[in-house]
Amino acid sequence: MEGVCAKAEEFRSSVVFKTILFFQSCFAVASLIVIVCSVVWIAKRRQVGHPNLKILFLNAFVFYAVFAVSELVTKGSTLFRYLFREDPCALVTVTSVCVGLRVPAYVCITAFTAIHLAIAFERFWATYWRENYERQGRALGVVLSVVTWLVSIAAQVVILWEVDVSEPRPYCNVTTKSNYRILYVYYATLILIDIFATMTHVVLLNFNRIRLRQMMERYNLSECYQLKENITVMRTLIPLVIFHTVIYSTYLGLSTTVRLLHDPSNYVTLVTFIEMSNIVSVYTTLLPLCILYLISRIHCGMQKKISSIIAPTANPQDVYFEELRTQWSKL
């Protein structure tokens with residue numbers, strides 16, 4: 001126990017470590033403010049794409065909020081104890097308590113990649129069932145959201161399976177000697193899944209463009225409508241996908257590298273570098289702003305979409321007189 005207390009005091013005496021925790025807490029607060037404002041704005045807009053896509057976006061915001069709250073509670077309470085607790089042993093936390101505080105954040109880390117993959121699957125489904133996708137309900141969005149939660153929680157069960165929950169910890173995290181290598185594989189797997197989801201978005205966008213060019217030869221209103229919507233939504237999503245991949249893959253890559261290069265026996269140094277590489281609070285602050293901007297573009301694009309879907313072979317004069325006859329018939 002004395003060794004654990006000494007390590008806890010070493011954490012408290014580190015100016016670098018406390019500075020990292022302070023900035024992470026600030027970003028967590030900023031993230032919560034951005035998330036609340038974004039959700040209120042999105043809830044007032046109905047035309048943001050298919051309801052399934054809206055459900056997935058809202059589910060993503062739930063994960064952003066859960067992560068921000070978990071980070072704020074964990075890092076904020078740690079800084080509070082560093083300031084107001086003189087006894088180093090009072091800084092020690094039982095692993096079971098740490099699990100309760102940190103697991104929500106780790107669930108969200110898995111979910112960020114799972115949501116990325118779920119959105120790619122939703123776009124694949126919209127492409128495959130393009131002729132009647134607009135008439136489909138919200139079942140797919142609900143199912144994908146539930147699956148995302150289940151997979152994210154199951155991943156934490158695997159990570160924590162061999163962790164001794166009665167072990168005292170000098171700093172509240174879930175990286176231990178028993179799951180050190182598992183976490184390395186875990187982060188590497190998330191990187192691969194993230195890259196796969198990004199490539200799926202790019203492939204689907206190009207497929208829809210090719211298919212739309214083919215539709216110029218034989219015009220089909222329903223299919224052309226869905227193809228144009230797919231292209232509009234996916235072209236708008238691509239900047240978001242790239243932003244997510246760059247920022248989040250940077251975090252995953254840094255976390256994997258830190259765990260690969262640093263000796264777990266030097267616990268204080270390892271945890272300091274792990275927290276230094278933890279830029280997820282920055283991610284959960286910036287990405288909702290990016291989503292908000294992109295959804296506003298989708299909202300504007302949807303207003304113009306129907307008027308843009310006109311058969312390429314249609315004669316403008318015929319369209320005019322047909323509309324005129326329709327209006328006269330209503331009199």
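Residue numbering: from 1, along the chain as shown.
In case you wondered, yes, glycine gets a Cβ from its N, Cα and C as well.
As recorded in TrEMBL:
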TRANSMEM  20-43  transmembrane segment
TRANSMEM  55-74  transmembrane segment
TRANSMEM  94-119  transmembrane segment
TRANSMEM  139-161  transmembrane segment
TRANSMEM  184-207  transmembrane segment
TRANSMEM  237-261  transmembrane segment
TRANSMEM  267-295  transmembrane segment
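Of the recorded ranges 20-43, 55-74, 94-119, 139-161, the transmembrane segment (184-207) has the largest number of C-beta contacts under 8 angstroms with 94-119.
Proximity of the transmembrane segment (237-261) to the transmembrane segment (267-295) is established through 3 or more Cβ-Cβ distances under 8 Å for residue pairs spaced 6 or more apart. The transmembrane segment (139-161) is in contact with the transmembrane segment (55-74), judged by 3+ CB-CB distances under 8 Å for residue pairs 6 or more apart in sequence. A Cβ distance under 8 Å defines the sequence-distant neighbours of the transmembrane segment (267-295), meaning residues of its chain 6+ beyond its ends; these are 7, 10-11, 14, 16-17, 20-21, 24, 27-28, 30-31, 34-35, 38, 41-42, 45, 48, 57, 60-61, 64, 67-68, 71, 105, 109, 112, 170-171, 173, 175, 236-237, 239-240, 243-244, 247-248, 250-251, 254-255, 257-259.
Listed as Cβ neighbours of the transmembrane segment (94-119) (distance under 8 Å, sequence separation of 6 or more from its ends, same chain) are residues 53, 56, 59-60, 63-64, 66-67, 69-71, 73-74, 77, 144-145, 147-149, 151-153, 155-156, 159-160, 163-169, 172-174, 176, 190, 193-194, 196-198, 200, 237, 241, 244-245, 248, 280, 283.
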